[in-house]
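Okay, so here's the structure we're looking at.
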Amino acid sequence: MRRKLAAGNWKMNGTRADLSVLGDLAGAATEDGPEVLICPPATLLHPAATQALGTGIVIGAQTCHEAASGAYTGDISAPMVADAGATHVILGHSERREGYGETNADVANKVRAAWAADLTAIVCVGESLEDREGGTALAVISEQLAYSLPNGATGQRLVVAYEPIWAIGTGKVPSTAQIAEVHDALRAQLGDRFGAATGAAVRLLYGGSVKPDNAAEIFATSNVDGALVGGASLTAADFTPIIAALARA
Ligand SMILES: O=C(CO)COP(=O)(O)O
């Protein structure tokens, strides 16, 4: 059985005062409910991990460098993320691929680094509006998945997030049929590559304009094991009902 996962990506939002959200969410993370993950900006990793102790909430970073240390001004390595108390790292988000030119090969190198530091990698894939309208979405996503993952995936250390770029921060959400088509294809491709058991164990998240009012429908969709939530993870008022919808799914 795959444990469901409600992941919040705070992006470049939040200062120490906003960690009160963790306290407000504490009751929402239960042992037999979905796993609750918050990925704050790097400055908050350590205080967030400290504040989350005992709540059941786990903490993740939003990217990491592929090297463990060295002359990379401004970067943060996977061992540093782990040292801060985080257990997860988002890799290959479209905002990193587009804004920083991260290629599939870069993402695969970062995943290797994350695994070497015992972090669970949440690897993001997703098509542009142009790909969707041109009918190439599935091919684009399949290629991203193939080349963004190194060998050696397990259900424990890999999560894949499907985030159509055109749905991020736009209020637009694919139909549940479109989400199911992609998630079923991801599941099949993971099984072909890593074997049926691993393919069945990797959790698949949907991300892109997940809100309290659409969460239940998305979570009822084939092969959706949770969500990677941006804006609606910034307040407990929005994230709590999303976690509750996932618990009910
Ligand atoms: O990019 C996302 C999460 O990683 C989705 O962001 P929104 O939920 O704000 O659309």
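Glycine too: its Cβ is placed from the backbone N, Cα and C atoms.
Feature annotations, courtesy of TrEMBL:
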- Asn9, Trp10, Lys11, Gly169, Ser209, Gly230, Gly231: substrate binding site (BINDING)
- His93: active site, electrophile (ACT_SITE)
- Glu163: active site, proton acceptor (ACT_SITE)
Cβ-Cβ distance under 8 Å, sequence separation of 6 or more, same chain as Gly169 (substrate binding site); the residues meeting this, in order, are Ser209, Gly230, Gly231
Across Gly230, Gly231, listed as binding-site residues, the smallest other-CB tally within 10 A is for Gly231
Same-chain neighbours of the substrate site, Cβ within 8 Å of the mean position of the Cβ atoms of Asn9, Trp10, Lys11, Gly169, Ser209, Gly230, Gly231 and not counting those residues, run in sequence order as Ile168, Val229, Ala232, Ser233, Leu234
Span of Asn9, Trp10, Lys11, Gly169, Ser209, Gly230, Gly231 as binders of substrate, largest Cα separation rounded to whole Å, comes out at 14
Quick tally, other C-beta within 10 angstroms, Asn9, Ser209; top of the binding-site residues is Asn9
Long-range Cβ list for Lys11 (substrate binding site), cut-off under 8 Å, min separation 6+ in sequence, same chain only, gives Pro41, Gln62, Glu95, Gly230
